[in-house]
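A.B. asks: Following this message is one structure expressed as structure tokens.
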There are 2 protein chains.
Amino acid sequence: MSKLRLSRLLRLQSVFYNKSEKRLAAAIKHMVGSKPFNLKLYKLAIKHASVANESINGLKISNERLEYLGDAILGAVVAEFLFIKFPYRDEGFLTETRSRMVNREALNQIAIKIGLSKIIEKEFKGKNLSAHKSIFGDTLEALVGAVYLDRGYHFCKKFILKRIIIHFDVDGIITTTTNFKSKVIEWSQKESKEVDFEMLSVSGNSRFKEFHVQITINGEILADGKGATKKKAEQDASKNACEKLKLDI
Amino acid sequence: MSKLRLSRLLRLQSVFYNKSEKRLAAAIKHMVGSKPFNLKLYKLAIKHASVANESINGLKISNERLEYLGDAILGAVVAEFLFIKFPYRDEGFLTETRSRMVNREALNQIAIKIGLSKIIEKEFKGKNLSAHKSIFGDTLEALVGAVYLDRGYHFCKKFILKRIIIHFDVDGIITTTTNFKSKVIEWSQKESKEVDFEMLSVSGNSRFKEFHVQITINGEILADGKGATKKKAEQDASKNACEKLKLDI
């Protein structure tokens, strides 16, 4: 508790903010939902390694440590979010869905949605951003780390739930996460039927391949599917099989 | 807050505990430092998939979901622990050290140290445990998940710091984490010298190989090293180089 009160005192520093600090504090308030206690943390969070020019004890002062911390906190909060949202799904599904949510591209998109990208662009002042494809997502994780250190776990969790996770298309992600193949296998075991995944053909050249897979149940053809890898073709065939078998997915 | 009070009411259930529940509650108190609020969570935490025999909505009732959650919480707490402990180390070091701490073998050992393995052995009642090498570590993660759901983040964090992380030989882990090769490269860049890693020989057969690597600075031999992989040999040579160059590690 005393730590929190100390943090609140830090907010009094805001009377000494210069113009750019005032602008950053306002932007943080807009994104995070509350004024920062310790603005330094947020200044660090937007400091990408490529614009970092200070060092201390041989360590470049950049947002990479905050990114490491934010990644772990984000992972924990998303893990719990999915744990609660899907009480009857196994840990394989939860793990897979989580890794699809906290991947770099998804985080990049969210950083743009919440306006973090604008702040980063300002920080880069005309330098070429395109060389750093993941900079938005990386900075979003660093922001999570800053919020965690500044405001503690509960505040940070609320921030992640209400202002980050809300932007995920969880249902869209799940459609591609469901392991249709294991659904088909589970079904076959329950029904004591023999299921076979048979590769019919591989076409294409060394750069683009197409696999064609067929599923038989007790020797009878049930469904087929295609894809750029064997796994994807099996998944596609299994999805068709699930539909034919009217399995809940 | 009201959630916490409700949890406390759950503790009143303890008057109805049967003999084995009483024993479990006492063991949890011993391991976690406080009596459980909701004993059901801990019963679930020690239920390995191989001894699970109930299902609900097609999901086997086992500790795997709790393990998934506990893994994420443990990861976050260890991440912050290292972030604070090593203020001047970069995120590569922190990430690598963390993955060495929360690996299966290290967690197995800690589960044995805190006595969790005894509870698991009782649960298995003479069944063969050796088929499940990671069962102790898995269950430790599930226990973390149970503590988190039962008592919240702050309590769980304290539990992890005081009763799990304390058993890690962090200094021992770090010695093997330090990336000596990048230390040598950093030094050479700072000193504007040309560093070369040269493979001198590979000896051995298909099962056991030994690589021999030599480091030269501006063409002069500085140090050499050996190892079972090219990377290990380079690491060994770099360690010797760091010693000769008297670099801080």
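Just so you know, glycine gets a Cβ as well, placed from its N, Cα and C.
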A.B. asks: Kindly point out which candidate in A:Glu64, A:Glu67, A:Glu210 is recorded by TrEMBL as part of the Mg(2+) site with A:Asp138, A:Glu141.
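C.D. replies: Only hit among A:Glu64, A:Glu67, A:Glu210 in TrEMBL's Mg(2+) site, alongside A:Asp138, A:Glu141: A:Glu67.
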A.B. asks: Short of 8 angstroms on C-beta distance to chain B, which of the listed binding-site residues (A:Glu67, A:Asp138, A:Glu141) are there?
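C.D. replies: Near chain B - Cβ to Cβ under 8 Å - we find A:Glu67.
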A.B. asks: Within 8 Å of the Cβ centre of A:Glu67, A:Asp138, A:Glu141, which other residues of the chain have their Cβ, at the recorded Mg(2+) site?
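C.D. replies: In sequence order, the nearby non-listed residues are A:Asn63, A:Glu64, A:Leu66, A:Tyr68, A:Gly70, A:Asp71, A:Leu107, A:Gly137, A:Thr139, A:Leu140, A:Ala142, A:Gly145.
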A.B. asks: For A:Asp71 (active site), which residues of its chain lie six or more apart in sequence with Cβ-Cβ distance below 8 Å?
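C.D. replies: Counting only residues 6 or more apart in sequence, the Cβ neighbours of A:Asp71 (active site) under 8 Å are A:Val102, A:Glu141, A:Val144, A:Gly145.
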